[in-house]
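Per TrEMBL, these features apply:
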ACT_SITE  CYS158  active site, proton donor
BINDING   ASP281, LYS291, PHE330, LYS344, LYS348  CTP binding site
DOMAIN    5-174  domain 'Flavoprotein'
DOMAIN    186-400  domain 'DNA/pantothenate metabolism flavoprotein C-terminal'
REGION    1-189  region 'Phosphopantothenoylcysteine decarboxylase'
REGION    190-401  region 'Phosphopantothenate--cysteine ligase'
Amino acid sequence: MTKANVVLGVSASIAIYKALEVLSILKKRGFNVRVALTKEASKLISPVVFKALTNKDVYIDVMEELDFEGTNITHVALAKWADIFAVVPATANVIAKLANGIADDPVSLIGLATSASKVIAPAMNSSMYLNPITQRNLNILKENGFLIVEPIEGDLACNTRGVGHIALCEDIVDVIESTLYFKHFEDKTVIVTAGPTSEPIDPVRYITNRSSGKMGFAIAKIAHFMGADVRLITGNTCLKTPYGVKRIDIETAEDMLKALKHELSKSKNEVILIMAAAIADFRPSETKDKKIKKKNENGFTLKLKQNPDLTIEIKRFAEKADIPLRIVGFAAETDNLIENAKKKIEKKGLEFIVANDVSRKDIAFGSDKNEVAIIYSNGRIERLEKASKDKIAYEILRRLI
Ligand SMILES: Cc1cc2nc3c(=O)[nH]c(=O)nc-3n(C[C@H](O)[C@H](O)[C@H](O)COP(=O)(O)O)c2cc1C
């Protein structure tokens, strides 16, 4: 995915410092960024800070002529240059202007002049946010194609708690990035399983595995970018839920099967199921309801029994309920990678299987990168070179369009 040009509009909210973090995340992700500030915003934070971070002139006065790529009508030049116009933070005032075609400051002026994708992250006191006038203005923006990164509940500058706190910076950048993706999955539900399962031995101990959940979370995020209604069924991980994704937390393989059946039967769209979780093959034959005491010096023998094969179970469930379902499997192997993956694809009737070698320290479990082979039902094997898990996620999803 080639990275794009973002005009970052900044208005005078107490959350203005978040614009600096958003700017820095955008740069890290490879976006080209130019900044426009309202006059009031430039009183809260010096434009010099934004100039230093972008190494470019900052647009702070509508009458000012910045030398910008051969033209001196700054707002027109920036409006044309932008692939994405994002206002972070967006005050009630700038929202009202954008919704009503007022163009008397650099931010609202570019907003009116540009045909770029538009994203805003409102931040304000709860009363201002919940005021029907602000809500009406936000609805006007939504109807006109603006993506609103909804504010969250949190501590507000006026020493209260409530809705109006700016969204998380990572989420804001995710929404900005999502505008670059074609919405191939708009009419699809994508269910992703991720992370390990935890199979309890007693109330304090369990058997688990090394899955971090990163691959499944990346797939859920990118599937949402591509317009899908995404359900992420995950075992224990410390990862942040991707913006816009419905997360269902589970512990055991049996919980995961229940959650899968529940989500599948609720879905009204065609469902694509991506089984990226590392589901325990075995669980303790019995779970003690009290902590097992350390009384026996020779230890004790833990008897295990096999967990159901979730892919086979869910396929059967979907067939019985007449729910159209396409399944992609993952094979985490340490040896005979391709041969083992081929066996799974046949046994489970998968569309394709993504095989990765979990014995390698530089990829797979816990890593931000992966290198996989995609194995199709006709035996064709496609190798994807080592890349970020986001990129691998996109490549997997692209093959399901
Ligand atoms: C310290 C301070 C914090 C403010 N925080 C907010 C805010 O979070 N959201 C908001 O809508 N207005 C906030 N305001 C009010 C706006 O700054 C004011 O409406 C201003 O006219 C907005 O200008 P702009 O939209 O052109 O940037 C704040 C004002 C001050 C002085």
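Placed from the backbone N, Cα and C atoms, the Cβ positions cover glycine too.
This view paints the features noted in TrEMBL onto the structure.
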residue	record	Cβ within 10 Å
CYS158	active site, proton donor	14
ASP281	CTP binding site	13
LYS291	CTP binding site	11
PHE330	CTP binding site	27
LYS344	CTP binding site	18
LYS348	CTP binding site	17
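Between the alpha carbons (Cα) of LYS348 (CTP binding site) and the residue listed as 'active site, proton donor' lies a span of roughly 57 Å. Spacing of LYS344 (CTP binding site) relative to the residue listed as 'active site, proton donor' is 58 Å (Cα to Cα, whole number). LYS344 (CTP binding site) falls within a helix when secondary structure is assigned with DSSP. The separation of the residue listed as 'active site, proton donor' from LYS291 (CTP binding site), Cα to Cα, is 48 Å.
Comparing CYS158 (active site, proton donor) with PHE330 (CTP binding site), their Cα atoms are 49 Å apart once rounded. Once the Cα atoms of ASP281, LYS291, PHE330, LYS344, LYS348, the listed binders of CTP, are compared pairwise, the greatest separation found is 38 Å.
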